[in-house]
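Q: Pulled from TrEMBL, these are the listed features:
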{"type": "DISULFID", "residues": "25-45", "note": "disulfide bond"}
{"type": "DISULFID", "residues": "35-41", "note": "disulfide bond"}
């Protein structure tokens, strides 16, 4: 019996880390799935990913990096490096910013 093809676009772990997200954070840990399922490794991956894309986001939004909100970071997390300018992510940002008030 043939196995189903490995889906590298799927998400894994409590941070919903995709294979490409894991690659962009520097391939932390032993493997994508092991890192995504390990709280320490996954949190490190998210921090690295956010640092990598925060400057770009701040420039697009005409803010300083320290002015980015939780919603801005959520847009990066769910939308990738272009999440800050994706109109489809604006509702996510507004919901999260309202929740964080």
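Keep in mind that glycine also has a Cβ here, set from the backbone N, Cα and C atoms.
Note that the structure is a prediction, hence the values are computed from the model and not measured.
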Q: For residue 45 (disulfide bond) and residue 35 (disulfide bond), what Cα-Cα distance in Å is obtained after rounding to a whole number?
A: 8
Q: Distance check, please: Cα of residue 35 (disulfide bond) against Cα of residue 25 (disulfide bond), rounded to an integer number of angstrom.
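A: Distance between the two Cα atoms comes out at 11 Å.
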Q: Can you give me the Cα-Cα distance between residue 25 (disulfide bond) and residue 41 (disulfide bond) in Å, rounded to a whole number?
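A: Cα-Cα, rounded: 10 Å.
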Q: With an 8 Å cut-off on Cβ-Cβ distance and a minimum sequence separation of at least 6, pull the same-chain contacts of residue 41 (disulfide bond), or say none.
A: 28, 29, 34, 35
